[in-house]
Amino acid sequence: METAQTETDEEALKDEMAQEYKQLQRQNADNVKKHRNKGIKRFFGKLRRSNSQEIDPEKLEDFKRSGLRATAGARLGWSKDLKYIDTDIPFPRWDTDRVAAWLHALGLSMYVGDCKRWVKNGEHLLSATPQDLEKELGIRNHFHRKKLILALQAMGSENRSTMDNLDYNWVTRWLDDIGLPQYKDYFLDARIDGRMLHYLTVEDLVTLKVVNTLHHLSIRRGIQVLRINDFNPACLKRRPLPEEGDLENVPKEVMLWTNHRVMEWLRSIDLSEYAPNLRGSGVHGGLMALEPRFSYEIFASLLSIPSNKTLLRRHLSTHYVALIGPDIQQRKREVQSQPGYLPLTPNQKVKLKKRLFSHRRTRSESNDEELVCPFDGEENGKVTTNGSHNSSPVWSRGRVITRDNKENMLAKDRFLENVPTSDV
């Protein structure tokens, strides 16, 4: 009897201990869940729940800012669908908001606030001097100021040009085409567009960190090709056509080649191992066909073909001369045979003309700036024997070109006159 009673007591004790253990586990789990929910509630408790389900649609009024609904209009910025060019309203009659939207579309959105504060209408902006633009609008960047002045001149002109449609984003892609992508950030910060390319000076390029002479000539011939084709954005050729075949004596075809197209041509003449060396070199078709100082020697140097590999260099020379034709090659030799001619080298630097501080420039001197690509047709496309750029009276800092000067701005180079084109 005593043994049976002892076993019963032990079983009851075990059951009691098991129940206490389960109860203790439940309490621990509840404590952990409580603390976890407390941490989550501490974070989400600061958020206010929307009461949109309590809004009666019949009682809604017209939209008001800081009303029941929020708007993303401020973050969206100006709409690019604004047809400010197609409007029948003349620019002098534009109100402040439309002028500010136009300024934003130019890529000068950093000055929109000051524009809304100071500009009354389009006529007010047209009558502003460069000093007003710097003082009132805060445009201290020379390139931004030049861009705005040229844009105002275009808006006041009756004749529209295709270059007006080439924005600064297109120019960065154009730098890829001519083989100079390393300058994209500088051109982008300066907001260089197609119109500014047309009036780009040598000093402007140096300010944009372009100090290599070969790169100056590359940009010069690239601008010249755009002028010859009336700034058609689709004029350049990036890929070879299947039906082209062997191209010989086609300089007018070659001058449209991009840097990538030149590399494809090198692969077609069994120089594919040297083609990647042209990246960032500035070599494109316009430089090859239009630049008198560009020869197969500098071409071989840029391709990093060793001087002791005479057969490879002769192979490149034969195909290069056959490509641009004997007439262009003869004209190159005539320029290179002139007294004082300096051959082009890959690392040659641009030297700006020194101005004495004691010399005060007259009005006529201040208006004469060295364009990267001069306007006048006879001198356009030519380089002096010492490698310096020809000067031509154009836009200066704080001066707008008159309409009379625009007659010669799109004069085509005569370097390629009476030269056969491709039959393909």
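Each residue's number is its place along the chain shown, starting with 1.
Even glycines carry a Cβ here, placed using N, Cα and C.
Curation does not apply to TrEMBL; its annotations are automatic.
Residues or ranges marked as compositional bias 'Polar residues' by TrEMBL: 382-394. According to TrEMBL, the domain 'SAM' annotation covers 94-158, 166-229, 257-289. Per TrEMBL, the feature region 'Disordered' maps to 1-39, 361-395.
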Outside the domain 'SAM' (257-289), six or more residues from its ends: residues with CB under 8 Å to it: 176-182, 212, 214-215, 217-219, 221-222, 224-225, 236-240, 247, 251, 299, 302-305, 312, 315-316, 319-320, 323-324, 328, 346, 416
For the domain 'SAM' (94-158), the number of residues DSSP places in helix, strand and coil: 45 helix, 2 strand, 18 coil
Tally of DSSP helical, extended and coil residues in the domain 'SAM' (166-229): 47 helix, 2 strand, 15 coil
